[in-house]
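Annotation source TrEMBL lists domain 'O-antigen ligase-related' at 235-376. Residues annotated as transmembrane segment in TrEMBL: 6-26, 55-73, 85-102, 122-141, 150-169, 199-217, 224-242, 248-263, 270-288, 361-382, 403-420, 426-444.
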Amino acid sequence: MASGLFFGAQAGTFLFAGVVAFTLGVWGLSDPVVATIFLLAAMFLRSALLPQFGGAPFLLALAVLVAATAWWISRSDITFRFGAVEWAMAGFVAWNVCSALLPHKYGPGDQFTLDARSVPHFILIPTVIPFVAYIVGRVVFTRASAVRAAMWALMAFAAYSAVVSVLQFTGPSELIWPRHVAEAPEWAGRAVGVVNQPVANGMVLALGIAIAALLVSRRSEPTWSRWLALAVGLGCGCALYLTYTRAAWLSGLLVLVIGAVLAKGYRGGFIAVLGVIGALAVVNWATLTSADRSAGGVGSTQEVDDRLNTIATALWAAEQKPIVGWGVSRFWSVNTYHHQQWSTDTPWIRGYAIPAHQNELGILAELGVIGLGLWLAVLVLIAHRLWNAYRTLPTGDLCGKPLAVVAISAFTILVCTGITVDLRFFDFPLMAVFLVAGIAAGWAERHRAG
């Protein structure tokens with residue numbers, strides 16, 4: 001009887017989810033901007049929906065976005081052409097696929113738990129989807145209203161992650177969803193957010209701060225929306241602190257520094273916040289430099305030792321197989337069977353049998369110099385486009401220099417975060433960053449074309 005009720009409830013849940021998915025899919029097919037926001041939502045909630053629905057939500061949303069974009073391009077006057085960025089992206093994806101198909105000495109995933117990671121998902125989620133988001137942002141987001149919708153959607157996701165992050169510490173825990181944040185966070189004592197990872201959560205929150213600052217500075221926006229954006233920005237700042245993670249704090253600091261340097265017309269707010277943070281750091285210097293992470297200290301050396309040993313392992317791996325690498329998603333295995341020690345002062349056990357903690361070195365070890373070269377080409381070419389966007393776009397418009405500042409902030413966050421983690425284990429933050437970068441690049445191209 002009980003099992004019948006359980007399976008009946010499960011069937012009802014899946015039926016309701018199917019109806020919702022069909023309705024949203026039809027809506028998304030009518031407008032690629034809507035489809036983009038749906039895919040953002042599916043990626044944002046991926047870890048929460050994974051136990052019950054698997055990869056179906058984001059795969060369906062991706063298919064709807066691709067179909068909607070293709071249909072929209074076929075009916076518009078826009079001619080889509082591959083540029084240097086897109087060719088570099090295509091090359092990087094192709095090399096990942098080749099690496100997945102080639103035979104390798106070790107399998108993917110954790111060799112102790114035998115958690116064999118899905119290589120197709122490892123390519124699709126952190127590589128294909130962000131690249132698709134960049135192209136869609138560049139081609140489809142041609143209206144200011146579409147850009148505004150994307151900014152508000154991204155800020156809403158950041159706001160929700162901030163609320164969940166704060167409730168993780170203050171309660172009531174009954175209000176927290178997804179439940180894993182309250183019941184089984186992977187990093188106890190750190191604000192993991194909806195994405196369930198403090199560094200990834202820091203990227204989401206820092207991007208939320210950058211977008212909130214953009215919307216607060218727009219006098220053309222309604223007063224209520226500017227106050228709401230200010231509240232979201234402050235909430236994201238508080239939640240960012242609660243990550244107790246140096247890489248996440250660095251993301252927030254980078255947003256403030258870039259805003260203070262590049263945000264013409266509204267840099268005063270960034271400078272003021274930097275001043276307050278600087279004063280608080282001086283007053284609490286002893287705590288800040290301590291090894292007590294829960295009190296806000298950044299002096300812990302264990303994570304540094306982890307990264308030093310994984311760097312040594314990645315360099316050893318690259319020396320052994322410099323051209324094609326050990327295979328996509330294989331660093332975990334290499335670091336299990338061939339773990340290296342940075343120096344005699346670094347405990348050998350630190351960083352043993354864990355994924356890469358430096359994005360570019362992880363790519364070098366797994367995909368060789370060919371893969372790393374293609375990835376760096378993507379980064380350099382996008383950075384060049386974003387700088388051109390900042391130089392050429394008008395100052396006062398929402399889709400002018402302020403948009404470029406947000407994109408530069410987001411892209412800088414991505415690059416600098418990659419110094420401390422392997423970005424390929426992230427999902428929503430990567431898509432969000434590449435989408436914003438694509439939107440800014442597209443507006444700059446159309447502005448130059450007149």
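Cβ atoms are placed via backbone N, Cα and C, with glycine included.
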Practice prompt. Test the contact criterion for the transmembrane segment (426-444) and the transmembrane segment (224-242): 3 or more CB pairs under 8 Å, pairs 6 or more apart in sequence, then answer yes or no.
Written response: no
Practice prompt. Report, as numbers and ranges, every residue of the chain located at least six residues beyond the transmembrane segment (55-73) whose Cβ falls under 8 Å of a Cβ in that stretch; write 'none' if there are none.
Written response: 21, 24-25, 28-32, 34-36, 38-39, 41-43, 45-46, 49, 80, 121, 125, 129, 132, 136, 139-140
Fill in: Winner by Cβ pairs under 8 Å against the transmembrane segment (224-242), considering only 85-102, 122-141, 199-217, 248-263, 403-420
199-217
Worksheet item: Using DSSP, how many residues of the domain 'O-antigen ligase-related' (235-376) fall into helix, strand and coil, respectively?
Response: 93 helix, 0 strand, 49 coil
Fill in: Tertiary contacts of the transmembrane segment (361-382), as residues 6+ beyond its ends and Cβ separation under 8 Å
84-85, 88-89, 91-92, 95-96, 99, 134, 310-311, 313-315, 317-318, 321-331, 334, 355, 411, 415, 422, 424, 437, 441
Worksheet entry | Within-chain partners of the transmembrane segment (248-263) [C-beta distance under 8 Å, separation at least 6 from its ends] | 198-199, 201-203, 205-207, 209-210, 213, 217, 237, 240-241, 269-271, 273-274, 277, 298, 390, 401-402, 405, 408-409, 412-413, 416-417
Practice prompt. Count, for each of 85-102, 199-217, 270-288, the Cβ pairs lying under 8 Å from the transmembrane segment (403-420), and report the range with the highest count.
Written response: 199-217
Discussion item. Are there residues at least six beyond either end of the transmembrane segment (199-217) with Cβ under 8 Å to its Cβ atoms? List them, or say none.
Written reply: 151-152, 154-155, 157-159, 161-162, 165, 191-193, 225-226, 229-230, 232-233, 236-237, 239-240, 243, 245, 247-249, 251-252, 254-256, 259, 263, 265-266, 269-270, 398, 402-403, 405-406, 409-410, 413-414, 417, 420-421, 426-429, 432-433, 436
